[in-house]
Structures are given as structure tokens and as C-alpha cells.
Amino acid sequence: MTWTANSCLVTLAILFLWRVEEIAEACSCSPAHPQQAFCNSDVVIRARLVGEQEVEVGNDIYGNPIKRIKYDIKQIKMFKGPNQVIDAIYTAPSSAVCGVTLQTNGKEYLITGKLEADGTVHITLCDFIEPWEATSETQKRSLTQRYEMGCDCKITRCTSIPCMISSPKECLWLDWVLEKTVSGEQAKHFACIKRSDDSCAWYRGAAPPKKDFLDIEDP
């Protein structure tokens, strides 16, 4: 085999490994508490999915078409986002590159996503997307006020014991170490809210927190 052929094979191998690494890294993300997902997202909506199709949204640097899955939706309520009705969301065509597979038989979802410069909404596996029926009553109430009240707070996920916070403006998220799930009690029933002394604490209650609350409250 000639030197040129060997060189080409090495180049192809490097390009292949680079693409594999790119794909592997593309969907790397840490679990987020629903409040974090709310605060970090451009768009948070409740929507019913009514259709699905594969579309081309442009070309990559090599001239190949970029394909996306377009979900047609009927927006039911917007909790956060632009002053416009969202009628479609886009995602990658494969879970290997963070694409999200959703049911389009009229199923309702709570969807968080990113608003692109062209006004389209894109979602990935790193976003918080949950069937509306699986969303707790506390989460539903928190979408309208509580989560936004805690966006200046930091939620720190504990992955192993011991773990601790480094600032009074943090709330320690213990679901994983206590229940081995990121959808535990704190995710389902608590919000991290700023208190009157500027520190943050977990809150659980039927009504919005009082401005001077100093500890966790429970109905």
C-alpha cells in the first residue's frame, strides 16, 4: 500500500473518530431540576402534539442537508416565552444527537426548549419534557410563579454522600442519593425560593411563598 493510500486511511479514521466523539459529546448533559429547566429555557409551554414530519432546515458545511423532526403542536398555555403562539417544535432525527421522540396522537406535554433567532423552537433530550398527566400539582402551580421567584437561586445536585452547598443562595437537591431517581420528592413537590434574608431554601406549600418566609412550609 502506498504512502498516499495510508495517509488517506489515517485521515478517514481520524475524521470518523472525530464524528463519533462529536456525536457522543453532543448529548452529554446533567439532569436538571424542573425549576432549573424553567429558568434556563427560552420557552416553557403546555402543548398537544398533533403531527410529525421530517424536514430539511439547511445544509452543513459539507453541503449535506440538515434534517430535523418537526412536531406540529397546538399550544394550550405558555408559561414562559415570546409574545407569539408556538405551532411547531423541532428536534434532531435521532436520540444519538439528542433528538426527542414524542407521541403525536394528541398527547399533551410540558415542554421546555430553546428559541432560535429565526423564531423556531428546538428541543433536545437535555430539556425537561414530560407528559402533562405525569406533572405533579406542585409543578403545575410552580410554573406560573414559584419557579420564576427562584431563578436567582442555584440548585446543586448531590450525587454522593457527603455533599454540601458552598453558598447560602444554593439549595441541595438530594433526590438521587435518597431515592436513586432525579424525579423524586424535591423534583416533584419543591421549589428553591429566595428568602427575605437573600438566602435560598426549599419551599413546599399550596399558596405562593410569603415574602418573609424563612423556612420550608408544608400545607
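Cβ atoms are placed via backbone N, Cα and C, with glycine included.
The following features are taken from TrEMBL:
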{"type": "BINDING", "residues": "Cys27", "note": "Zn(2+) binding site"}
{"type": "DISULFID", "residues": "Cys27-Cys98", "note": "disulfide bond"}
{"type": "DISULFID", "residues": "Cys29-Cys126", "note": "disulfide bond"}
{"type": "DISULFID", "residues": "Cys39-Cys151", "note": "disulfide bond"}
{"type": "DISULFID", "residues": "Cys153-Cys200", "note": "disulfide bond"}
{"type": "DISULFID", "residues": "Cys158-Cys163", "note": "disulfide bond"}
{"type": "DISULFID", "residues": "Cys171-Cys192", "note": "disulfide bond"}
{"type": "DOMAIN", "residues": "27-151", "note": "domain 'NTR'"}
{"type": "SIGNAL", "residues": "1-26", "note": "signal peptide"}
{"type": "SITE", "residues": "Asn40", "note": "site 'Involved in metalloproteinase-binding'"}
{"type": "SITE", "residues": "Lys67", "note": "site 'Involved in metalloproteinase-binding'"}
Pairwise CA distance, Cys153 (disulfide bond) versus Cys192 (disulfide bond), rounded so that it is a whole Å: 7
Between Cys163 (disulfide bond) and Lys67 (site 'Involved in metalloproteinase-binding'), the C-alpha gap once rounded to whole angstrom: 42
Residue from Cys126, Cys158, Cys200 whose C-alpha is spatially nearest that of Cys171 (disulfide bond), among the disulfide-bonded residues: Cys200
Distance [Cα-Cα, Å, rounded] between Lys67 (site 'Involved in metalloproteinase-binding') and Cys27 (Zn(2+) binding site): 17
